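A short write-up of the structure that comes next.
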Amino acid sequence: MASSLARTALRTAARRAPRALPAVSRPAQAASYSLLAKAAAAKSAQCATASGTRGVKTLDFAGTKEVVYERSDWPLAKLQDYFKNDTLALIGYGSQGHGQGLNARDNGLNVIVGVRKDGESWKQAMEDGWVPGENLFPIEEAINKGTIIMNLLSDAAQSQTWNSIAPLITKGKTLYFSHGFSVVFKDDTHVVPPKDVDVILVAPKGSGRTVRTLFKEGRGINSSIAVWQDVTGKAKEKAIALGVAVGSGYLYETTFEKEVYSDLYGERGVLMGAIQGLFLAQYQVLRKNGHTPSEAFNETVEEATQSLYPLIGQKGMDYMFNACSTTARRGALDWAPVFEKANLPIFEQLYESVKNGTETRKSLEFNGRATYREDLNKELEVINNQEIWRAGKTVRSLRPDYKPESE
Ligand SMILES: NC(=O)c1ccc[n+]([C@@H]2O[C@H](COP(=O)([O-])OP(=O)(O)OC[C@H]3O[C@@H](n4cnc5c(N)ncnc54)[C@H](OP(=O)(O)O)[C@@H]3O)[C@@H](O)[C@H]2O)c1
């Protein structure tokens with residue numbers, strides 16, 4: 001999930017979360033990326049059920065065959081050898097910069113960070129063990145030193161800074177993104193990569209915090225990979241290798257366009273926008289009909305998130321239909337098509353709004369305002385004050401594993 005609101009919240013959460021112990025220097029080439037990671041790679045190889053060469057699998061997704069790349073095809077020594085002449089210049093140290101940068105560094109690659117001097121990210125990077133003048137530099141200096149330029153500024157900042165960054169991305173360098181946003185919507189962002197560099201994408205399907213925690217657990221996040229421009233003939237291979245380097249377990253091939261369309265669509269849809277809308281609508285009707293806030297919240301959010309959604313995650317909605325009561329099953333079978341029919345035109349409208357660039361223009365306009373932070377806070381304050389979420393605080397406080405929530 002990657003909504004801009006969620007990114008901000010997750011970035012804040014990531015910054016509040018305990019950090020890994022600072023590592024002050026690049027690990028030796030021989031060092032493993034982590035014992036846990038190695039063990040997990042071995043385990044995933046053992047558990048492989050698909051056909052094809054080990055590490056590159058053709059899998060059957062409900063009748064459609066797709067190629068999936070995996071980390072086990074890139075043992076650490078091969079990865080380090082592949083990038084032995086490269087400097088990965090990570091531009092931006094927010095949610096993704098933090099997760100991807102630390103993972104690549106722990107994988108023994110030569111990583112440097114480029115951020116605004118003395119800004120919030122500069123301080124965070126120093127807390128994480130990046131050393132000014134050694135592997136932490138102002139943006140322009142980092143780009144000059146890097147061979148692979150990983151543009152992990154916020155999407156609005158990628159557009160705002162492009163004019164000063166573009167001339168530094170010279171022939172022979174590789175330009176890397178984690179979202180198709182900037183180049184796909186170039187008419188609005190004005191991000192047009194130089195013609196003589198490879199342009200690739202690795203988009204982790206989760207927050208930077210998850211990118212880091214899964215890596216430390218020896219797992220790996222699912223990521224999309226894509227190629228926008230292949231000058232060397234090696235762009236795809238580089239994207240796969242970089243995906244592994246930054247902590248991906250499995251890599252799914254896509255295009256820049258499909259990545260950005262699906263991502264913007266999903267976060268506005270069931271990942272956040274639609275779910276907030278549905279929660280609110282259901283809650284309001286319960287309240288209008290005399291149900292207490294606790295009853296309305298329990299029936300709308302608590303049961304969903306604590307009981308049913310985790311089961312859907314583990315076993316699918318098809319399983320839920322088999323596992324629930326006969327009464328619930330009858331009702332859900334009857335009402336699902338009603339919701340589908342009512343929502344289909346909205347989802348179609350949403351997809352069109354993404355594809356024709358309306359969502360991008362809104363995002364660039366809003367996130368590029370000088371008053372961005374104040375304007376955002378006003379809107380978030382409205383959500384904070386909604387009765388449903390205030391009631392939720394009390395409901396959550398009764399959970400056996402409750403820990404006081406920081407404001
Ligand atoms: N977060 C996610 O869940 C997620 C998931 C997948 C892909 N992505 C993609 O990954 C990329 C990075 O996203 P993110 O969420 O990691 O970004 P972010 O947390 O918002 O990070 C923003 C970074 O941009 C810098 N920045 C902001 N405005 C700037 C400006 N005007 N000039 C220079 N630097 C500026 C910030 O530095 P300061 O601290 O100095 O302001 C910070 O280092 C985006 O393309 C995003 O779409 C994100």
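Including glycine, each Cβ sits where the backbone N, Cα and C put it.
For reference, TrEMBL has these:
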- 65-254: domain 'KARI N-terminal Rossmann' (DOMAIN)
- 255-402: domain 'KARI C-terminal knotted' (DOMAIN)
- ASP263, GLU267: Mg(2+) 1 binding site (BINDING)
- ASP263, GLU299, GLU303: Mg(2+) 2 binding site (BINDING)
- SER325: substrate binding site (BINDING)
When the number of other CB atoms within 10 A of each residue's CB is tallied over all shown chains, which of the binding-site residues ASP263, GLU299 has the maximum?
ASP263
Is the residue listed as 'substrate binding site' helix, strand or coil when read with DSSP?
coil
Within 10 A of the CB of GLU303 (Mg(2+) 2 binding site), the number of other CB atoms across every chain shown is 12
ASP263 (Mg(2+) 1 binding site) versus binding-site residues GLU299, GLU303, SER325 - nearest by Cα:
GLU303
Should one count Cβ atoms within 10 Å of each candidate's Cβ, the binding-site residues GLU267, SER325 would be headed by GLU267
Looking only at C-alpha atoms, tell me how far GLU303 (Mg(2+) 2 binding site) is from GLU267 (Mg(2+) 1 binding site), rounded to the nearest Å.
22
If I take the alpha carbons of the residue listed as 'substrate binding site' and GLU267 (Mg(2+) 1 binding site), what is the distance between them in whole Å?
31
Taking every residue in the domain 'KARI N-terminal Rossmann' (65-254), the average pLDDT works out to 97
What does DSSP call GLU267 (Mg(2+) 1 binding site) in the simple three-state scheme?
helix
Cα distance (Å, whole number) from GLU299 (Mg(2+) 2 binding site) to GLU267 (Mg(2+) 1 binding site)
24
